[in-house]
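Data first, discussion second: the structure below is written as structure tokens.
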Amino acid sequence: MNRNIFLCFLLVICNSALGQKLKEPLPECPSLEKGDTYTQSEFLSRLAHECRYDRLLLPTYQTGEVVFVHASAYVYFIQPAEAHDLNFKLHFLLQLRWTDRRLAYALYSPERTKIIGESDLRSRVWIPHLYMSNEQSSSLMGTDSKDVLISIAPDGEVLFSRRMQAVLYCWMNLQKFPFDVQKCSMNLESWKYNASILRLMWEKDNPVRLSSELHLTEYSLLDFWTNESVVRGDIVNMRLGGGRSGNYSALKFTFKLGREVGYYLMDYFIPSMMIVAMSWVTFWLQADASAPRITLGTSTMLSFITLASSQAKTLPKVSYIKASEIWFLGCIGFIFSALVEFAFVNTIWRRKKVVNLKKVNSKYILKSTLTPRLARKELQKELQSSPQLSNSRSCSSLNQDTSSDPAGPAYNNYLTVHSFPSALNLPTITTQSYDELVHRSGGRHNSSEGSDEPPKHHTWTQMTPQEIATWIDKRSRVLFPLLFIFFNIIYWTFVYCL
């Protein structure tokens, strides 16, 4: 019972005290007269007092005019990240300038030239809310306190400066990597007010300035520019924070970066050229030297794949083909072709029977080597069963020494090419000594003197498989470098001229 009486007594006392407080008049606005006699903090507390200034309202909320916010930036650090991150890091000083007539104090403090403050002043005045639409992360820079500075001029002009670091997305096009040129930008947009209320503009003189100590490693800064635009915002895509559809003012600062190719030339392209050239050493080895040719071919293949994989780790997995991948496929194709060429000539080298050729040129040699084995056997049987021979002539199927000394080593063996009637069209080959060769040639010469026209016949030649394999290797020594030079001309023309 006593407890209830005590509680009722406390409730009556509280109600009476609250009623007296509500009846008290609101404090009057502090006077701005003789503003020069006050310190900056005292004068600012009077100037931005809640009775005459509301920081949540636009500076032109009474007139309905558009607030023009002028921006400028000073960039002193750009760090393009690795290509697979698709972003870059930026350190810059952003300055915003606008006019707030409510903060004009020239009439009250004529001797005061400027009011300067940091975070405490920022919490008292209206500041436009801007955001970076391509931002991955950002923060104000500073050690003990954040690097923010606000100055107010006597006519109400406000200059807001803040030092920031930001990681911004840059959607790179890597089709010509590592000879690519990228365009990355910093997009500033209004978060709350649309373009009919707040308009963002770059300063007319030097809107963006770069530090003289700005240096890039992997890239070179080719150019930079600024532009102003209006973006469309609506509730569907939730692009802006206003939550309303409309046009919002935006600023963009774009810089053009060209990738430095010196690193890739020294660490990728020149070594890969040397590896491809190493694969051609097999053409100077004998066709039956399987162990060294296989070892050299596989080692060059593995070395180049290892070299290329180290470069591919730094790239994103994109759906389109890149210039570096074209180079990779081209070099792999040349190295693999050298291995295939060895398998081809080694197979020919191990054949037992000679090959019949109508002419010693690429067309007939390759055609004869690619002829199925059954067809070659049938041709050989017809050749052996044919008794018809006409005049013949001798030649060496290899590049022998043409010295006249019969005792020289170049006259040990000769391939005699016989001529056949046109109806038979079949070749044969015999091995003759030098004396027989001279005797047969002399007899053929005497017989030809008695006739005015030589007989019409088809000349056939036979080459051993070893001679054909050596012939292919010799042609490969020239063909592969020429094709690789042609590939380089097309590739470097594409990356630099297209």
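Even glycines carry a Cβ here, placed using N, Cα and C.
Where the annotation comes from TrEMBL, it is an automatic prediction and has not been curated.
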Annotated stretch (transmembrane segment, per TrEMBL) among the listed ranges 189-209, 210-230, 294-314: 294-314
Same-chain residues near the transmembrane segment (294-314), Cβ under 8 Å, at least 6 residues beyond its ends: 82-84, 264, 268, 271-272, 275-276, 278-279, 281-282, 285, 324, 328, 331-332, 335-336, 338-339, 342
For the transmembrane segment (326-349), sequence-distant contacts whose Cβ falls under 8 Å of one of its Cβ atoms, 6 or more beyond its ends: 269, 272-273, 275-276, 279-280, 282-283, 287-288, 290, 293-294, 297-298, 300-301, 304-305, 308, 369, 465-466, 468-469, 472-473, 476, 480, 483-484, 487, 491, 494
Integer mean pLDDT for the domain 'Neurotransmitter-gated ion-channel ligand-binding' (42-260): 88
